[in-house]
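Listed features, source TrEMBL:
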DOMAIN    45-294  domain 'G-protein coupled receptors family 1 profile'
TRANSMEM  29-52  transmembrane segment
TRANSMEM  64-82  transmembrane segment
TRANSMEM  102-124  transmembrane segment
TRANSMEM  144-162  transmembrane segment
TRANSMEM  206-229  transmembrane segment
TRANSMEM  241-265  transmembrane segment
TRANSMEM  277-296  transmembrane segment
Amino acid sequence: MIHLYKTNSTAFIHEFILLGFVYSKEVEILLFVLFSIIYILTLLGNSAIIWAVWWDQQLHTPMYILLANFSFLEICYINSNVPNMLFNLLSKTKTISFTGCILQFYTFLSLCATELFFLALMAFDRYVAICRPLHYPTIMTRKVCGTLVSACWLGGFLWLVTPASVISQVPFCGSNVIDHYLCDLGAILAISCVPVPKTTLTCSTFSAVLIFISFFYIITSYALVLYAVVQVPKGSGRKKAFSTCASHLAVVSLFYGSIMVMYVSPGTASQPGLQKFLTMFYSIATPLLNPLIYSLRNKEMKVALRKVIVSLLWRILSSGNCFETQILACLMLTFRCPS
């Protein structure tokens with residue numbers, strides 16, 4: 001149902017319908033199960049990294065503190081859109097209020113902007129650690145690290161204040177059906193009453209400036225890092241530096257590749273199917289893959305995660321019955337084996 005309120009000349013929508021995925025009910029149930037599994041695995045994977053960093057004293061370094069904060073950001077990021085999507089997959093109405101839609105738009109893209117700042121900060125951390133190793137302890141202190149992390153969060157949410165404000169002023173008076181599973185920029189502007197070139201230009205400018213400046217900073221930082229690494233004689237230090245940079249660059253490539261096509265490519269707005277796929281990729285698939293990328297290519301993280309799992313199994317073991325004890329004892333032996 002379309003709900004309207006009237007002014008002197010125009011009726012404005014105050015409730016939207018998120019169309020989501022247009023499939024049969026059976027397919028929507030399958031999608032619900034699939035995305036629920038992805039959602040749970042994402043929460044578990046990122047929570048495991050946070051717990052491992054908090055639990056292992058050896059990981060109380062700026063790089064791992066940033067990684068733990070990044071994992072917490074991914075948990076917030078996926079919670080900004082997936083729970084509502086799962087609810088709508090089983091719902092018949094699929095409605096969201098005007099205020100709720102603008103709030104979702106602001107929160108979702110603010111977290112996206114925060115992730116861009118975090119990726120740039122992680123690139124800066126690796127640059128200082130590898131290119132200025134003697135100055136690293138004095139530059140990246142815990143106080144400085146905490147300040148930079150706070151700046152990333154604050155900067156991400158402040159960056160989207162203007163775009164969210166101008167989006168809230170866009171007139172909506174016709175169809176209230178948003179062809180997306182969340183209130184994203186292109187999908188919202190597609191149902192405006194009249195063309196809004198100034199709003200589109202403002203939002204595009206804010207997106208492009210943040211995306212390209214942070215991207216070029218990251219690429220430049222890692223180029224300098226890789227140049228410094230190849231100057232190092234072959235050995236474990238060189239291999240470790242390459243491995244760390246490779247995992248960071250993999251995350252950067254996944255995230256930036258999708259959002260550049262989404263928010264910079266001019267033809268994406270006219271392709272709702274492509275919009276949904278790209279949004280799912282950078283907001284659902286990337287948070288799922290990040291823990292795997294960081295943990296599988298990082299020996300210290302694998303060791304810490306193994307310790308956490310063994311610790312949890314031991315706690316369960318101490319209160320289990322005989323059959324459970326035998327199974328968990330075998331699992332503990334497995335996780336204690338060297339990788």
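Keep in mind that glycine also has a Cβ here, set from the backbone N, Cα and C atoms.
Same-chain residues lying 6 or more positions outside the transmembrane segment (102-124) and placing a CB less than 8 Å from one of its CB atoms are 63, 66-67, 69-70, 73-74, 76-77, 80-81, 84, 96, 148-149, 151-153, 155-157, 159-161, 163-164, 167-168, 182-185, 188, 210-211, 214, 217-218, 221-222, 248, 251-252, 255, 259, 282-283. On the 0 to 100 pLDDT scale, the domain 'G-protein coupled receptors family 1 profile' (45-294) averages 87 in this prediction.
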